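The FAD binding site annotation in Swiss-Prot covers 4-34. Residues or ranges marked as S-8alpha-FAD cysteine in Swiss-Prot: Cys307.
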Amino acid sequence: MKYDLIIIGSGSVGAAAGYYATRAGLKVLMTDAHMPPHQQGSHHGDTRLIRHAYGEGEKYVPLVLRAQALWDELSTHNEEPIFVRSGVVNLGPADSAFLANVARSAQQWQLNVERLDATALMTRWPEIRVPDNYIGLFEADSGFLRSELAITTWLRLAREAGCAQLFNSPVSHIHHDDNGVTIETSEGCYHASKALISAGTWVKALVPELPVQPVRKVFAWFKADGRYSTKNRFPAFTGEMPNGDQYYGFPAENDELKIGKHNGGQLIQAQEERKPFAAVASDGAEAFPFLRNVLPGIGGCLHGAACTYDNSPDEDFIIDTLPGHENTLVITGLSGHGFKFAPVLGEIAADFALGKTPSFDLTPFRLSRFSQ
């Protein structure tokens with residue numbers, strides 16, 4: 001059987017692409033080296049932030065607004081919502097470049113973002129402590145996503161729509177010819193007119209020339225009481241320290257508050273190098289500078305996990321066809337801020353398989369930018 005689209009890597013982007021392409025009437029084969037959702041990539045750990053006024057640049061705003069609409073639609077397929085509208089407050093020095101981008105995005109796209117000085121911040125959320133020169137940009141319409149529930153939902157919906165799924169079967173080789181794309185797996189060879197490579201952190205095992213650097217990252221859950229929960233209207237957050245370190249976190253659930261450090265981490269080259277949480281001496285204490293200064297009421301570390309970022313050189317996404325192979329789309333280099341975009345990236349992949357022109361300007365995400 002020849003498929004219209006083979007998906008190599010069915011984590012966040014691949015799971016979304018499988019659903020949207022199958023729903024559009026295509027014959028799709030989803031593959032993954034493991035059984036998604038799993039612990040080997042970048043999507044585990046229960047939750048991920050979604051922000052609309054985007055500190056990483058205005059070019060992402062049209063994508064994330066479309067993603068939000070798709071998240072809202074996906075949530076209708078579950079009793080438990082995938083998107084939780086907790087609001088997100090971005091904390092940092094008043095002269096922060098990240099916050100300037102947030103404000104600029106909000107103004108350009110007329111997003112609902114409220115600026116709070118340090119006094120107003122600490123009045124609204126007494127649990128938060130910040131220096132006098134800090135501000136907060138609060139986006140009430142943002143929040144967080146239940147990442148593993150999202151992937152489970154996409155996989156179920158795709159399967160119910162007739163999508164073929166081949167999991168626990170790594171792809172060892174990809175071959176291109178005039179008839180399309182052939183992949184080799186432990187279960188045999190499969191053929192399609194087009195392919196999506198969304199293999200995340202380990203994409204270089206299949207396409208070594210891609211400029212992607214795997215980085216080991218950790219996040220952890222700390223003891224927190226009901227003051228830090230959504231029931232008390234405590235928001236999700238990002239926080240920039242005076243030295244430039246960037247943190248992110250979520251409202252407490254079941255008396256546990258999850259937090260991670262966005263920058264830093266350990267460069268790795270192979271999956272076996274991603275040691276579990278606490279294997280690196282600094283893991284348990286990584287969030288202490290933020291907690292001690294900004295959330296001093298949070299208790300000790302309860303448990304944690306390790307994941308992997310697939311960083312591009314400029315930490316912007318890579319969304320492009322492989323050079324010389326216009327029938328193969330690669331989406332990678334999401335650099336630790338990609339999950340929120342998964343549905344729109346999956347939709348872009350489905351449109352690629354359908355031969356449709358993208359609805360967005362993807363020029364900033366082309367591979368050619370690295371050779372200029």
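Cβ atoms are placed via backbone N, Cα and C, with glycine included.
Close to Val28 (FAD binding site) in the fold, though at least 6 residues off in sequence, lie Tyr3, Asp4, Leu5, Ile6, Ile7, Gly18, Ala21, Thr22, Ala158, Cys163, Ala164, Ala353, each with a CB less than 8 Å from its CB. According to DSSP, Asp4 (FAD binding site) sits within a strand segment.
Of the listed recorded positions Ile8, Ala16, Ala24, Cys307, the Cβ environment within 10 Å is emptiest of other Cβ atoms at Ala24. Long-range Cβ neighbours of Tyr20 (FAD binding site) (same chain, at least 6 residues apart, Cβ-Cβ under 8 Å): Pro343, Gly346, Glu347, Ala349, Ala350. Ranked by how many other Cβ atoms sit within 10 Å of their Cβ, the binding-site residues Asp4, Asp32 place Asp4 at the bottom. Looking at Ala16 (FAD binding site) and the residue listed as 'S-8alpha-FAD cysteine', their Cα atoms lie 20 Å from each other.
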